[in-house]
């Protein structure tokens, strides 16, 4: 019998691995710094029966998961970007060029609104994708907050940074704060550009915001935008429920 507790969702990003059981994904997400450390944690508990993996990190991560699951007799599902799923049509001609994290974020957002929408995911990179009537229109990819700062440090002289994300928004009176506020302004600019783009097409729409840097756009909640923790994991959960029809709820 396959239960929600026995299904593990894993989001392997550029900087860390996030994991949680299907039974708990809306409550709390755990983090591991490597596949090996996650496998050590799993060995201390009853092993999952199924793992659903999104990997946009190194290709070697998938190799580690394949080997671990074969040895442990766990059924592994590596989610790839598709042309169409759940009534969502991808705009890419070559869908393999789209990161599965973007695809899963759109899949997750699709359940949160019936309107045309933009889904913004703020991590190492900032991505923004637009969907209308089940059709992916296209999107944007922008360096994330930390990558913007790193680019300035590596390509200019006499620039230093404070890597902390500012708790408020304004202007700086020293270089470190100027860089932080400028990068935050760029992130906000993506949101405002998304509003402009959707406004040019529709009078009513939704914007769903996720990722580790989502709080930089917390102000957007007052405009009706939806902030969601761990969009990729939500997308994995949707795949798991679809591909495991005999799944038994633990609730």
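Along the chain as shown, the residues are counted starting at 1.
Even glycines carry a Cβ here, placed using N, Cα and C.
Straight from TrEMBL, the features:
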- 101: active site, proton acceptor (ACT_SITE)
- 11, 12, 13, 14, 15, 16, 17, 18, 124: ATP binding site (BINDING)
- 92, 99, 100, 101, 102, 175: substrate binding site (BINDING)
- 121: K(+) binding site (BINDING)
Using Cα positions only, nearest of the recorded positions to residue 17 (ATP binding site) (92, 99, 101, 102, 175): 101
Spatial separation of residue 99 (substrate binding site) from residue 11 (ATP binding site) - C-alpha basis, Å: 12
Candidates 15, 100, 124, 175: member of the binding-site residues with the richest Cβ shell (10 Å): 100
Of the binding-site residues listed as 13, 15, 121, 124, the one whose CA lies nearest the CA of residue 100 (substrate binding site): 13
Sparsest Cβ surroundings (other CB atoms within 10 Å) among the recorded positions 101, 121: 101
Alpha-carbon distance [residue 15 (ATP binding site); residue 121 (K(+) binding site)] in Å: 15
By Cα-Cα distance, the member of recorded positions 13, 101, 124 nearest residue 92 (substrate binding site): 101
Packing count at residue 99 (substrate binding site) (other Cβ atoms within 10 Å of its Cβ): 19
Nonlocal neighbours by CB distance (under 8 Å) for residue 13 (ATP binding site), same chain, sequence gap 6 or more: 56, 57, 101, 123, 124, 232
Other residues, Cβ within 8 Å of 11, 12, 13, 14, 15, 16, 17, 18, 124 Cβ centroid (ATP site): 56, 57, 123
Residue 175 (substrate binding site) to residue 15 (ATP binding site) - Cα separation in whole Å: 27
Cα separation, residue 15 (ATP binding site) to residue 102 (substrate binding site) (Å, whole number): 16
Rounded distance in angstrom between the Cα atoms of residue 99 (substrate binding site) and residue 15 (ATP binding site): 15
